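S.K.: Please read through the structure below; I'll follow up with questions.
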Amino acid sequence: MEEDERGKLFVGGLSWETTQENLSRYFCRFGDIIDCVVMKNNESGRSRGFGFVTFADPTNVNHVLQNGPHTLDGRTIDPKPCNPRTLQKPKKGGGYKVFLGGLPSNVTETDLRTFFNRYGKVTEVVIMYDQEKKKSRGFGFLSFEEESSVEHVTNERYINLNGKQVEIKKAEPRDGSGGQNSNNSTVGGAYGKLGNECSHWGPHHAPINMMQGQNGQMGGPPLNMPIGAPNMMPGYQGWGTSPQQQQYGYGNSGPGSYQGWGAPPGPQGPPPQWSNYAGPQQTQGYGGYDMYNSTSTGAPSGPSGGGSWNSWNMPPNSAGPTGAPGAGAGTATDMYSRAQAWATGGPSTTGPVGGMPRTGPGNSASKSGSEYDYGGYGSGYDYDYSNYVKQEGASNYGAGPRSAYGNDSSTQPPYATSQAV
């Protein structure tokens, strides 16, 4: 480590109102300061929620760490030594961190620290905030000094805090999930500089978005997965849908809550009317195919043939070579522009050649919505936060723009321990 870095201290969890002068005034009590900076967003000029303090005497860093917790401008701040080991790699197994979901809007970091001290020594508390609305987004993270404390608190799963039920899950970084993350971002420290919203911490049992591409976008249909299975990942924006339909969790209950590859938007269903953990099941498959209502006969006869394969305003797929629906054996183009041979007459149990397997009651390809583990909340986290609050017209949890925790001003506290100045 360079000599001028030995006395540098990273300070995270700063209030939006904390200035460089306030930060320097607070830490000067621990020793002479030779440099102090609050990191700001280049575009908006607003604080990013973290900064750096450099002491003339490096021993003052330990003095600060031994005299916590520290509170500045009404927030519990998080000072850490600024060195490569602490800033680049978290402890294996998640750093004894837990996720807290469904937090009351009036709970503070001090309240959480006081409450969870009964389970063991708390080393860090972070509540996610919406910078625009200046209020809690209803979830956060808490770190313990001992792993046994994490096991103890997660065994309860739910606790009652300020009259509201709060969910507790063990949090682990995505880089410990077998390298399945398709985003080219790295986890840096407890709150590293990331390419996605917040950090790559999520519940240890939740899978990575099955259809996630670069930068959190949907990357295409997963391999070896039947297309058109009902109740699968409802609410996600597909290929050809409008941004208004993009959701993270349960979608609208009407047809068209997600679209297929290149399919035009269907009719929009009613807005969600639920909170907590329940969501309506859906019976449509990808691309607007109504698999439960499909018949087992051969080629559909026109747009309404069979009443099934094209029920949600998709272009007819059943035209033969001459353009006449059901005009006998020939070829047609499916939703992927692949030529298909249509069979005439006689029952068919699989639909058109190259088509989707039949689903419905009694078929193994059909599952209920509750059997799927929805990996919501953008691509940074592996769980669905939209179930913690009642939505009103928008479904992304917290109603704030998606951003990288520590790289944008839309979340609180957006600081990144992997960036040294």
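Glycine too: its Cβ is placed from the backbone N, Cα and C atoms.
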S.K.: Here are some residues: Ser149, Ser275, Ser370. Which is flagged as phosphoserine in Swiss-Prot?
M.R.: Ser370
S.K.: Select, from Tyr292, Tyr372, Tyr415, the one residue given the annotation phosphotyrosine by Swiss-Prot.
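M.R.: Going through Tyr292, Tyr372, Tyr415 one by one, Swiss-Prot flags Tyr372 as phosphotyrosine.
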S.K.: Run through Ser15, Ser294, Ser379 and tell me the one Swiss-Prot describes as phosphoserine.
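M.R.: That would be Ser379, per the phosphoserine annotation in Swiss-Prot.
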S.K.: Out of 62-91, 392-421, let me know the one Swiss-Prot marks region 'Disordered'.
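M.R.: Of 62-91, 392-421, Swiss-Prot gives region 'Disordered' for 392-421.
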